[in-house]
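*Asks:* Following this message is one structure expressed as structure tokens.
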């Protein structure tokens, strides 16, 4: 019997075909960034104030500067900084009356401007920005600010539902079909969102994008890890995520060039239409085909891979035939993720680690609050932090295995959060350095959980297992804003204490998982259950059988 990994040793483990396929799927990974973090630019909140009829005309007549206009016509902050009248309240004054002067125009109406009545922003807002965002177009500020939270929550809800549902479809009907379907829906809904006339329609199409986009990203990850040989599996998995980081850098540049949200949304959606050509470029996974007892199709793709790689299959491999003793096709089931003790343990630990990675990754970004007024540069610099994390993984994963670097990265992230609690604000650079160390640690953990998750499940439920477990990071993404902002109201450093506890627990749980370094991907439930023990060559229905007489002598 030969496994797919054995066959790839003959067809090429990472030759021209795999490199071409990796490049194509890496583009898909980079294109996912506008959906995952696009809210930074699509939902940008500029300085704003209530629109008051007559103020613009009075300012023009008097020749005021912007600072003078704000000083004369906009309320200042309330007592002890409570509330925000500058953004959400306006003077109940008729600015069109001719008695108003150009120097302190409110002096004749009240001895002190603080005694003037204030009212809500009945006429909308004025935004100090040359561009536009969904906030400025739909006035998602003040009493409506929660609608921006709902917009981001909707995409995370979509991630959660889509990861589970589409994960099942991908294992049931194939990786390629599901990938193309998610690309098409993502492209169409992205364009429709860009031309949405109302907030409600925009929210609906963003939810649809969430339903398919993350699932498509994960299917691309599964595909590339199933196409390459054992020795290259971890490398392409890491660089697939590095492609996401490159997408962050590109997004910053595109957003800078296109400050209007509709044009930005339309531009970042266009590549998805190009990805539909993958129908002719990316074949179905041979591993999935074999797991579904479609060995003829699998053999055809294997020959195609060998041809693209300039390899010739040995005569023994030309006579491959399916095991005739058992021909039942394996069908994925959610119960397979918890039915047996070891896989159940793997599932629970992986779900917790996905949750932890999302909470710490997004939480540290929110809590750190990058200094500076240039949104685009801040975003660009924060993305650069992720490259050293990938480098450290590449340097350690083959030498130390998966478990120990993964556990250490969680521990470092948790310890950095805890240490930063006791570091004073001055010197500021020291505190930022420690928090960046935590960001690097949790970035490593995020990349490691993707890699190991795919290695712990048998082929016929691998896609389902990855997508179900990774759905917990969507739950983390939904609650993290509330976790950060509500706990900060109690004590500014309290979120960091929570992050530390969560991260340290995650590091300990990782040590309960089996080491996957140097092991072939499990093909059956039994193999996944016995990963801690040395693997024996057993005949499995998802292997390809070779007649002993056809095997050339050693």
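One-based numbering along the chain as shown.
Including glycine, each Cβ sits where the backbone N, Cα and C put it.
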*Asks:* Going by Swiss-Prot, point out which residue in 71, 112 is annotated as N-linked glycosylation site.
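*Replies:* Swiss-Prot annotates N-linked glycosylation site at 71; the rest carry no such entry.
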*Asks:* Are residue 20 and residue 491 on matching sides of the membrane - judged by whether Swiss-Prot gives them the same topological domain name?
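*Replies:* Taking the topological domain names from Swiss-Prot at face value, residue 20 sits across the membrane from residue 491.
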*Asks:* Which range is it, out of 177-197, 303-323, 324-344, that shows up in Swiss-Prot as transmembrane segment?
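*Replies:* Of 177-197, 303-323, 324-344, Swiss-Prot gives transmembrane segment for 177-197.
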*Asks:* Using Swiss-Prot as the reference, determine which range in 22-42, 43-63 is annotated transmembrane segment.
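*Replies:* So the range that Swiss-Prot calls transmembrane segment is 22-42.
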*Asks:* What range among 404-424, 530-550 does Swiss-Prot record as transmembrane segment?
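*Replies:* In Swiss-Prot, residues 404-424 carry the label transmembrane segment.
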*Asks:* May I ask you to indicate which of 128-148, 464-484 is given in Swiss-Prot as transmembrane segment?
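*Replies:* My reading of Swiss-Prot: the transmembrane segment range is 464-484.
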*Asks:* Could you say whether, by DSSP, residue 71 (N-linked glycosylation site) belongs to a helix, a strand or a coil region?
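*Replies:* Once the DSSP labels are grouped into three classes, residue 71 (N-linked glycosylation site) ends up as helix.
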*Asks:* Which bits of the chain, at least 6 residues beyond where the transmembrane segment (22-42) starts or stops, bring a Cβ under 8 A of a Cβ in it?
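*Replies:* Contacts with the transmembrane segment (22-42): 133-134, 148, 151-152, 155, 183, 186, 209-210, 213-214, 216-217, 220-221, 223-224, 228, 236, 239-241, 243-244, 246-248, 250-251, 255, 261, 264-265, 268-269, 271-272, 275, 278, 281-282, 375, 379.
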*Asks:* Per the 3+ Cβ pairs under 8 Å rule, pairs at least 6 apart in sequence, do the transmembrane segment (238-258) and the transmembrane segment (432-452) touch?
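*Replies:* Yes, since the transmembrane segment (238-258) and the transmembrane segment (432-452) share at least 3 Cβ pairs closer than 8 Å, they count as touching.
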*Asks:* Suppose you look only at the topological domain 'Extracellular' (43-149); what would the mean pLDDT be?
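*Replies:* Over the topological domain 'Extracellular' (43-149), the predicted model scores a mean pLDDT of 76.
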*Asks:* Per the definition of 3+ C-beta pairs under 8 A with sequence separation of 6 or more, do the transmembrane segment (348-368) and the transmembrane segment (150-170) touch?
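*Replies:* Between the transmembrane segment (150-170) and the transmembrane segment (348-368), which are separate recorded stretches, there is no contact, as judged by 3 or more close Cβ pairs.
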*Asks:* So, does the transmembrane segment (177-197) come close enough to the transmembrane segment (263-283) to give 3+ Cβ pairs below 8 Å, pairs being at least 6 apart in sequence?
*Replies:* yes
*Asks:* What are the sequence-distant neighbours of residue 71 (N-linked glycosylation site), meaning same chain, six or more residues apart, C-beta distance under 8 angstroms?
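*Replies:* Expected: none.
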*Asks:* Considering only Cβ pairs within less than 8 angstroms, which of the stretches 150-170, 404-424, 432-452, 464-484, 494-514 has the most against the transmembrane segment (377-397)?
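*Replies:* Comparing 150-170, 404-424, 432-452, 464-484, 494-514 against the transmembrane segment (377-397), the winner is 432-452.
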